[in-house]
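Q: Features from TrEMBL:
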type: SIGNAL; residues: 1-22; note: signal peptide
type: DOMAIN; residues: 39-177; note: domain 'Peptidoglycan recognition protein family'
type: DOMAIN; residues: 46-183; note: domain 'N-acetylmuramoyl-L-alanine amidase'
type: DISULFID; residues: Cys72-Cys78; note: disulfide bond
Amino acid sequence: MATCGIKLLLVLVIISVCSVYSNPNIYGVGLPLSYVYYTKSDWGGVQSTDVRPLKTPVPYVVIHHTYIPGACSTPVECKADMRSMQNYHISMGWGDIGYNFCIGSDGGVYEGRGWDNIGIHAGPANNYSIGICLIGDWRVEEPPEAMLESTKALIETGVLNGKVSSTYKLVGHKQVMATECPGNALFNIISEWPHFSNKFTRIKN
Ligand SMILES: [Zn+2]
């Protein structure tokens, strides 16, 4: 019986390990939170022409909303939004979508510039932050829970990977520059999160 139990356990371990590695889009496995991840090629993005290495781990995470485009709730809609934002940002001479990552209402995480490249999203904070954009207009309406949970899980992934400092400070875009972003409803939510900082301090670099 004991041998049988051990064999069964071994089979279960092998099955679970295989299922994790057979789906490279599931990140955060082993954490209480996980999310579906779409790379730039998954959403049909073009290659960046602005690749400047980000010094990691970064001390700041900056939260954004898009305002426009509005919320997307399926991968098809969110992928289209990613392409339109990338086109727009490239038309401004930025060489890529400005954000490091974007998140859809269904909790899907979309790769922007990723963990290792400097984004264009928050002026003076670009060189030492990860910019995460929650797709939608979150001035009045609150983002769905799945979107918020993926945001937290994504930041946690960054901490675990050594890309985000374990003592990082979380701020909203409007704390860095004169803007309404990330919208009052979203800002009120992130201001309750553990790493939220009332104060953004410029770092000379
Ligand atoms: Zn913003």
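Every residue gets a Cβ built from N, Cα and C, even glycine.
How buried are the listed features, and what sits near them?
A: Broken down with DSSP, the domain 'Peptidoglycan recognition protein family' (39-177) shows 42 helix, 31 strand, 66 coil.
Looking at the domain 'N-acetylmuramoyl-L-alanine amidase' (46-183) alone, the prediction's average pLDDT is 97.
Long-range Cβ proximity for Cys72 (disulfide bond), meaning a same-chain Cβ under 8 A and a gap of 6 or more residues, is found for Cys78, Ala80, Asp81, Gly104, Ser105, Ile135, Gly136.
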Q: So if I draw a 10 Å sphere around the Cβ of Cys78 (disulfide bond), how many other Cβ atoms end up inside it?
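A: The answer is 24 other Cβ atoms.
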